[in-house]
Amino acid sequence: MTQVAKKILVTCALPYANGSIHLGHMLEHIQADVWVRYQRMRGHEVNFICADDAHGTPIMLKAQQLGITPEQMIGEMSQEHQTDFAGFNISYDNYHSTHSDENRELSELIYTRLKENGFIKNRTISQLYDPEKGMFLPDRFVKGTCPKCKSADQYGDNCEVCGATYSPTELIEPKSVVSGATPVMRDSEHFFFDLPSFSEMLQAWTRSGALQEQVANKMQEWFESGLQQWDISRDAPYFGFEIPNAPGKYFYVWLDAPIGYMGSFKNLCDKRGDTTSFDEYWKKDSDAELYHFIGKDIVYFHSLFWPAMLEGSHFRKPTNLFVHGYVTVNGAKMSKSRGTFIKASTWLKHFDADSLRYYYTAKLSSRIDDIDLNLEDFVQRVNADIVNKVVNLASRNAGFINKRFDGVLAAELADPQLYKTFTDAAAVIGEAWESREFGKAIREIMALADIANRYVDEQAPWVVAKQEGRDADLQAICSMGINLFRVLMTYLKPVLPTLSERVEAFLNSELNWDAIEQPLLGHKVNTFKALYNRIDMKQVEALVEASKEEVKAAAAPVTGPLADFPIQETITFDDFAKIDLRVALIENAEFVDGSDKLLRLTLDLGGEKRNVFSGIRSAYPDPQALIGRQTVMVANLAPRKMRFGVSEGMVMAAGPGGKDIFLLSPDDGAKPGQQVK
């Protein structure tokens, strides 16, 4: 029976927009999607959203290395991420970006409310500064040894080993990621969120019983060690949102990242023309349910900072956090050298999405345990469960129904009590899906599959088919088998969306949770076609080799204008002002005898002639083509005596050299002698 419909908003942690989705990411998105699909099957109103986490130092730095803008990079990465999630049938209602108008407005609103309510504090801090690059070093520009667990090579904001958060100044033996230099201390005014003011509220939330026991225990440790004010600002240069009325100061990425959940939902509401749901879901007294699926490495931000920010800005808090562990492959951390660091897109070139969805689901529980993807066990389990137990149940019976009875099922069940055993299991299996005890749900379903196959073995329709006068028995047995198959696939529909579509096409009926109470009787099914193919270790071997090759390709040096020719050391405006750039008309251009690189240019600066030797011959093999063209030259460069004569300046050109040299030209209207500023 359909439950009372609930309004539910579900999110996954926002993937960072500087890298590809891999199988570690997919655990969370598959877990959330299975849960969401189950909720939808039970008639609930579910909004399932996500976005790219698109701000911060790593994105700015990588874009610089690639020679593109951060906006261009995050745009390309968003398309890649969405393609990967669609390939795994992750049923998002909206996928957005934290670099959006909605997120900017909401970040500024929350910050303003926190400030007005007295939860933002200003103070001057000593901050690490790169003396070689002349810039303050945000968290991700600094690496060193964690001050808590002493793990080496950790970033300046949190430790990926023990999960601790800290300030960059607490790192042991810090180094600048940009230059490798040892940073020095400089003062800078920063903005802090007064997290300790919310300690009582957070402790009450922890004791409410909603959080996983492991999460609540970890939070208690943090309370006992004392909550600290949280630095929410970063100095320029930084890719993100500038803090209102604070030029050169930006919101730290972890302030606007969780607000991205709200921004993505706001964007979805706007797309729908829905003017009420955003407030209905996010208001302080909302009766909608809000769930965040996250990894155990970001519990600190989601269990402390995020609910405190929401409370302090008069929004509702999450109903619960659903936290999962990490993914290992073949019992070890994912390894690029071993080919077990596998991208989502690479997986889909060798296996279907349903296979990984099933394997992860079979291993997941409501606890925060790590999941091991054992590739040999993966092949065995998919073949044993999906192919041998479930799909085989249909194939063993469908042929007889199609050939002997024109696809029409029997008018009555052969064993109503057995069918009731299967439908009665809906309560236990449904509760397992609801409580995220996915492994238990799969075990219950496979136990039923064993019973169904045992029924077919005992009834032996292949024997009955050869016996005269037993057509009715044959139809009843095979119809019973197909009806049991239908119940099993209804229970598995949240896990196996692609297979479920094929099954629905064969059954000529939708797999609906509430409909299983009524078996398909006297119903016509379609011609049976192969539903799922066996997999083998050769596919695994090809997958691993492909992953190794991708790692080799990724390890190749980054190329591009900025990567090949890094920006030079910073100069002052006074230094730049010493350079006198002028528009020059090329009156004559000719080869230089004795040189295969130089052209001799005669330049008119509007009343003054200059003779310039320029190494652009390989790019301009016909000097005459340059005559009459305007360019830009350094007019106050000291004359340089060469064996061909004296060069009285330098023309400006772009490019790496050789044939790739591009002489600069001013727009039409510029006149010889005009200064370039």
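Any Cβ shown, glycine's included, is placed from N, Cα and C.
According to Swiss-Prot, the feature motif ''HIGH' region' maps to 15-25. According to Swiss-Prot, the feature Zn(2+) binding site maps to Cys146, Cys149, Cys159, Cys162. Taken from Swiss-Prot, the feature motif ''KMSKS' region' covers 333-337. Annotated ATP binding site per Swiss-Prot: Lys336, in sequence order, evidence recorded as sequence analysis. According to Swiss-Prot, the domain 'tRNA-binding' annotation covers 575-677.
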Any further residue of that chain within 8 Å (Cβ to the Cβ centroid of Cys146, Cys149, Cys159, Cys162) of the recorded Zn(2+) site: Pro147, Lys148, Lys150, Ser151, Gln154, Glu160, Val161, Gly163, Ala164
Nonlocal neighbours by CB distance (under 8 Å) for Cys146 (Zn(2+) binding site), same chain, sequence gap 6 or more: Ala152, Gln154, Cys159, Val161, Cys162, Ala164, Tyr166, Leu171, Ile172
Which of Cys149, Cys159, all binding-site residues, has a Cβ with the fewest other Cβ atoms inside 10 Å: Cys149
